[in-house]
Amino acid sequence: MAASELYTKFARVWIPDPEEVWKSAELLKDYKPGDKVLQLRLEGGKDLEYCLDPKTKELPHLRNPDILVGENDLTALSYLHEPAVLHNLRVRFIDSKLIYTYCGIVLVAINPYEQLPIYGEDIINAYSGQNMGDMDPHIFAVAEEAYKQMARDERNQSIIVSGESGAGKTVSAKYAMRYFATVSGSASEANVEEKVLASNPIMESIGNAKTTRNDNSSRFGKYIEIGFDKRYRIIGANMRTYLLEKSRVVFQAEEERNYHIFYQLCASAKLPEFKMLRLGNADYFHYTKQGGSPVIDGVDDDKEMMHTRQACTLLGINESYQMGIFRILAGILHLGNVGFTSRDSESCSIPPKHEPLIIFCDLMGVEYEEMCHWLCHRKLATATETYIKPIPKFQATNARDALAKHIYAKLFNWIVDHVNQALHSAVKQHSFIGVLDIYGFETFEINSFEQFCINYANEKLQQQFNMHVFKLEQEEYMKEQIPWTLIDFYDNQPCINLIEAKLGILDLLDEECKMPKGSDDTWAQKLYNTHLNKCALFEKPRLSNKAFIIQHFADKVEYQCEGFLEKNKDTVFEEQIKVLKSSKFKMLPELFRDDEKAISPSSATPSGRTPLSRTPIKPTKVRPGQSAKEHKKTVGHQFRNSLHLLMETLNATTPHYVRCIKPNDFKFPFTFDEKRAVQQLRACGVLETIRISAAGFPSRWTYQEFFSRYRVLMKQKDVLSDRKQTCKNVLEKLILDKDKYQFGKTKIFFRAGQVAYLEKIRADKLRAACIRIQKTIRGWLLRKKYLRMKKAAITIQRYVRGYQARCYAKFLRRTNAATIIQKYWRMYVAQKKYQIKRAATIILQSYLRGYMARNRYHKILCEHKAIIIQKQVRGWLARLHYKRCLKAIVYLQCCFRRMMAKRELKKLKIEARSVERYKKLHIGMENKIMQLQRKVDEQNKEYKCLLEKLNTLEGTYTSETEKLRSDLGRLQLSEEEAKIATSRVLSLQEEIAKLRKDLERTQSEKKTIEEWADKYKKETEQLVSNLKEENTLLKKEKETLNHLISEQAKEITETMEKKLIEETKQLELDLNDERLRYQNLLNEFSRLEERYDDLKEEMTIMVHIPKPGHRRTDSTHSSNESEYTFSSEITETEDIPLRMEEPSEKKAPLDMSLFLKLQKRVTELELEKQAMQDELDRKEEQVLRSKAKEEERPQIRGAELEYESLKRQELESENKKLKNELNELRKALSEKGAPEVTAPGAPAYRVLMEQLTSVSEELDVRKEEVLILRSQLVSQKEAIQPKEDKNTMTDSTILLEDVQKMKDKGEIAQAYIGLKETNRLLESQLQSQKKSHDNETEALRGEIQSLKEENNRQQQLLAQNLQLPPEARIEASLQHEITRLTNENLYFEELYADDPKDYQSYRISLYKRMIDLMEQLEKQDKTVRKLKKQLKVFAKKIGELEVGQMENISPGQIIDEPIRPVNIPRKEKDFQGMLEYKKDDEQKLVKNLILDLKPRGVAVNLIPGLPAYILFMCVRHADYLNDDQKVRSLLTSTINSIKKVLKKRGDDFETVSFWLSNTCRFLHCLKQYSGEEGFMKHNTPRQNEHCLTNFDLAEYRQVLSDLAIQIYQQLVRVLENILQPMIVSGMLEHETIQGVSGVKPTGLRKRTSSIADEGTYTLDSILRQLNSFHSVMCQHGMDPELIKQVVKQMFYIVGAITLNNLLLRKDMCSWSKGMQIRYNVSQLEEWLRDKNLMNSGAKETLEPLIQAAQLLQVKKKTDEDAEAICSMCNALTTAQIVKVLNLYTPVNEFEERVSVSFIRTIQMRLRDRKDSPQLLMDAKHIFPVTFPFNPSSLALETIQIPTSLGLGFIARV
């Protein structure tokens, strides 16, 4: 592509700048070939002429489009060059606060100098399992990639962390190790991952120090190998160290510190255990005060010491060895304070009894004299003799410092050895990941031996890095099968040869060290002679003969030769070492053992691994004659060997690179110094990576991504079904130069700049489309505006004309109105005069007429009163005469009637004594009375039930009243507060009244003052006006006070309500927190329990390893047991006759008090019955004696006997009838006819059902008749007694005597007349009694008719019920019986409502009758049992007939005529809802019902919760037997078996869901049938009878509740494991709405494609999975409330994982992705609506995700937008809001980035918000679960056990 096409007007370029390194500018006109000057405009607005280089004529670098700025991967930039890289890093670091950026395979990490919340465990969990390109750059992503490649490729990995001091290498390595420790865990209980992390504080304390560039600078290099087993869990680690900076022990530059451990010791000197060390302040010791900065801001050395000691303890370094280490370190500090005094120029001495040396010798356990001597002398050995020579002061000081450095280096290596031993594992290492934390390229003003070694190591690492990058590029091109040419890259092998080759710098240095008089000057001359002018990379400084310059890959470095030889030799006087070896302190000689292995402080086995930093690759054996001095390796030689070994290790692994950048030298947070950054980028090889990438095809697109991004550049005809061919055709049209791109197998490769060109074309196309859209819309808007203006003008004209017309009309109306007003006023005046005259006339007339009327009225009143007086007198006289006559007549009548009545009475007494008359009057009444009595008994039962219901209602009423009383108390409190407020108001009113009185008093004074003198009039008026103003002010104040009082009252009430709401919310939160804490403890307990079980299994395995052939497992045992299971062919109907024989004691338990009362009453009735029988026998004997008297009344006795004989005949006939019916039934069943015999419509079936109903009805009727006959017989025998005859005889004699006394005829006549009158009277009474009797008989007939109708209705209902299933049949009959009894009860209550005494006697009679009915029921039960036994036999015969007939029926007939078998046994037995099993069958029960039950197999067709019901019914039977051992054993076995099943199949959702629902159902059953009133409210009476009677299982309910919580948590974990792979792909990456979000260019780390492939998950996948979960839970019968909690947890997981990934993915934070997320959330809400789960709280868990999506879409510019965002995003934390705004990335050029000022505005507005600083949501959080009580309506006695369960050994009871 020609430069003229790119360097056009408004194109942006980068130009060099001495201050900012690179500046951005804009072309003011197009570039033409041949131009020497470019017209530019800087960003500040300044114009500039940029001159091109006349030799190279290179144009300035082009700037990338804005949408590519801030990319995660630098290789995604279209233009790859230094300014683009620098600008991208600066934008990410400063604007977006992102410290990590990819550069191909390198992770660039910029030190923020600030603690960031991006390293928590939630971030680790978010990156775990993710692809490296799918998440934003992070050290955790690199660690995850290394871990994943180790597991996938089974190849060892290395993470190489490099950078300058202060760039953050140590922290990055530490976080990588923390990631491995967290993700992998340890393979044993030794907590190896904690030990690996614990090595960091130890190594930092002894190997890190404060420098001018870094407060925690690592002064050594280390390579940590973290070992993993075959399951990729940490088993151990090993550490290698490189080039410890020993010189820091004795010297520190200004503002620097020694190693941290010395300052930690000084800070902890006051501890009692450290008193023996005699330490003090750090300023006291020479080795710690040289830098003048003993304190680091924000670091507490005392606490750091505590952390160091804890780490040592964790790594197995016990207290004695720790104190030994601290003793040696304290000795080094005291050694530094040892001073020397010069005797002369050749010798020196130590002052006598020098305290620092005395302390040093005491701590080291050496002799003071020897150490004092050898610090000032040295031994020289010649060929013939040895002699001791004193040394001068400066040499003695150097020897002291060398000794201190040597001791510290030995101690450092000793600690490293023991850390390695603590981290070593006996398990074989399968693979490892190495973390290399090594110094970066260094250049200072004065560079010495340390910098030389550091830069040498970096040269080796850079060479390895270059080779690896080139290899990856080559592999990529070969994989895509595109032609490639050899890329030229910088090879630093010549520089490495200069250093390490033969006669290289290191060789010459070692050779000079061996020379007797070697010096730094002679070594420099050898270097000049050997390499100067021969090697282009070696130079000599112009002004120095003691330095040399090497051209490294990063920069030229000048090294000063001074000190090279001394540091390379690392010389220490042997005599001093011998003194230390002879120490009494055991640990000190151990440091200097070169050949022996040090003793482990933890008594661990030696690791067998030698630290590579101290051992050469191929050690040679030392001959006895040789001295150790000749074979001592130099530091350079050791370093070269260890570096070679390190490179071999790295080459054998897959490397991962982390380059740490230091943004500024002042440690300012988020401050970017471009100059320093460029230096480090050049030094660490990032720009070299960019150059290698840019040399080839740096931009790479898949065909689908290219098509999605540049679809706008294609026409419809260009789009083919083959995406690859479509892309080829389009690219050939867009880019004419075919060398600018290549087509691979799956990708298109572009050269640098081509993607920017395509983006420019795309932006131009979109801009043209936008212009056209804008043009059309603007025209439409202007047309709309014109039409609105035209319409407005017409409207204004219309309104103006209307206004004028209205004004004229108003004038006319006013004129007319004035005329009318005048007319009416004149009329009014005239009318008023007339009315006055008329009123006066009327008043005169009224007074005159009134006077005349009053006179006439007075006259009439007098006449009326006279008439009344006459009337009263005449009436009194008439009444007096009448009363006298009436009294005489009545007296005569009474005398006559008395005589007649006496005669009639005698006749009636004679007639009344006859029994025959009595029988006539009362015939048939006994039967009716007994029937009524029976009804009354039934009514009494119903009344008793209603009383019980009334009691329950009273209980609920009392509870409600208590609640209302509490509410009333609260209202009274509020009322008291209101009273207080009103009292305040009254007090204020009193004050106002006082003020008013004062006002009145002032007014009175004003009046007196006015009267006294006029001269004060003006003053008083002024005073009054003032007082009025004060009055108004007081009134206003009063009003304001009233208003304030009302407002305060409102505020008080509002605040109280708010406080109440807040307190309730807080209590709910506290309850949830407590519940969550408890459930977390349960989770931890279950984990420990599982671990304990695993350890037990391991122990058993270890115990039984010697005898594998004799082990017996549970599976063999269970298989043996399964051979003896009962046969399932034994049907339930065969067991029922046997169980029918059981005594009635096994029925459900009754109320014992009532049972005892009834039993007592039965015995009393039996005694009464016996007494009555004896009396009956005695009276029968009396009757036999008086036969004569019985013959006088043969008719009465004959009638009674006839009645009894008739009844007996009827009973005999009914008995015969029953026998005949039974014979018919036998005949019908014995017939061998067609198979229709046993069908429901067959004759046998109909006969059986009809006779069954008729037998039951007739049985009831006959029982009642027998009772009636018995009562009649007893009453008749009592009535027929000899006393009756005697009474009649005596009555007749009395009558004769009375007749004889009446001798006078007049008296007889008079008696005769009276008798006639008496007869008439009795006759009338008899007629009235007859009428009443007729009425009663009519009423009884009506009652009989109603009973017949009721009987018919009952038969109809019975016929209907027989067609229903058993459960519905029972419910229907119960409902009908309840309605009938309530109707009867209401009838009797109305009947006896007027007379409570009758009602009381009626209730007593009901109770008595109830006792009689109990006796009848027992007899009836016996007869029913007999009939049922016969029916049982018939049913068995029917079954045999059915089997016989089925054998003769063809399959075709079976299909045509389906036969339903008769299920008679279900109605036969009244089961008690219990299951009986033997104690020995308990394991078989648990095995078949729990261990071997599979939800996908047998359990699918079961009743939901059937295993729980079966287990509870077994518990009920054990409770019924009062066997506590059986109950305890069964419950314990059940709980343990459920745990075993979940441990074995805990990853299966169906299994966990099945047992969660069954555990909850078992728990609900234990509550429902516990007998506690709170759980029995919803039970039926039958269910209340099934309650447990002997045991309180509340403790087991708690255990089951805990088990249910554990199962729920396991279910959530299973859900999360299933959903987690789907969520990110379905909710974020997949484009549910196609074409909305564009695809931006990506770098080397490819993102997961958002286009749905066959293997990717979509939103539909998530919804299908949710449907699957929901259907499984519903199928298993899980409680609805529990399902809601599970759904809420699922939605929380979806929302949390989606939001966490959104917060960690910059490419997902765009406007279009916000639309996609909101659409996906709406689909989830629609799913909730479909499942009726909107009230489950699941939608609220998605609120943070919804608000994040809204935040991506809202406007983000003005302060109003900031206010709207703050109010909208209340579910997001401040950190999350700021993170989303920082990550917001435009996908198209028309979108704008969020400005830094807007983000700061948001932060300022949210600074007062108190929320969590945590960035990510806790995706592992589990809401506390509750199990609301859910009683079951299923009756236990109706549950059938399928034979498929294999539970034939248990029996229903």
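The backbone N, Cα and C atoms fix where each Cβ goes, and this holds for glycine too.
The feature ATP binding site is assigned by TrEMBL to Gly163, Glu164, Ser165, Gly166, Ala167, Gly168, Lys169, Thr170. Residues or ranges marked as coiled coil by TrEMBL: 915-1098, 1155-1231, 1330-1364, 1410-1437. Feature annotation from TrEMBL assigns compositional bias 'Polar residues' to 600-613, 1116-1130. Annotation source TrEMBL lists domain 'Myosin N-terminal SH3-like' at 8-60. Per TrEMBL, the feature domain 'Myosin motor' maps to 69-763. The domain 'Dilute' annotation in TrEMBL covers 1532-1808. The feature region 'Disordered' is assigned by TrEMBL to 598-634, 1107-1130. If you look up TrEMBL, you'll see 643-665 marked as region 'Actin-binding'.
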Could you pull out which residues elsewhere in the chain have a CB under 8 Å from any CB of the region 'Actin-binding' (643-665), counting only those six or more residues past its ends? 89, 93, 103, 105-113, 139, 142, 145-146, 149, 153, 155-169, 172, 176, 213, 223, 240, 242, 434, 436, 440, 456-457, 460-461, 464-465, 468, 612, 617, 671-673, 676-677, 680-681, 684-686
Who sits close to Ala167 (ATP binding site): which same-chain residues at least 6 apart have their Cβ under 8 Å from its Cβ? Ala109, Asn111, Asn214, Gly440, Cys660, Ile661, Lys662, Gln680
Of all the binding-site residues here, Ser165, Thr170, which one's CB has the most other CB atoms within 10 A? Thr170
Report the residues of the chain - excluding Gly163, Glu164, Ser165, Gly166, Ala167, Gly168, Lys169, Thr170 - with C-beta within 8 Å of the mean position of the site's C-beta atoms, for the recorded ATP site, in sequence order. Asn111, Arg213, Asn214, Ser217, Ser218, Gly440, Cys660, Lys662
Averaging pLDDT over all residues of the coiled coil (915-1098) gives 79
Same chain, 6+ residues apart, C-beta under 8 Å of the C-beta of Glu164 (ATP binding site), given in sequence order: Arg213, Gly440, Phe441, Glu442, Cys660, Lys662, Gln680, Ala683
In all the protein chains shown, the tally of other Cβ atoms within 10 Å of the Cβ of Gly163 (ATP binding site) is 27
Quick check on the binding-site residues: of Gly166, Gly168, whose CB has the lowest count of neighbouring CB atoms inside 10 Å? Gly166
Residues that sit under 8 angstroms from Lys169 (ATP binding site) by C-beta distance, when 6+ apart in the chain: Val161, Ser162, Gly163, Ser218, Asp437, Ile438, Tyr439, Gly440, Cys660
On the DSSP side of things, how many residues of the region 'Actin-binding' (643-665) fall into helix, strand and coil, could you say? 9 helix, 8 strand, 6 coil
Mind tallying the domain 'Myosin N-terminal SH3-like' (8-60) by DSSP state, helix then strand then coil? 0 helix, 24 strand, 29 coil
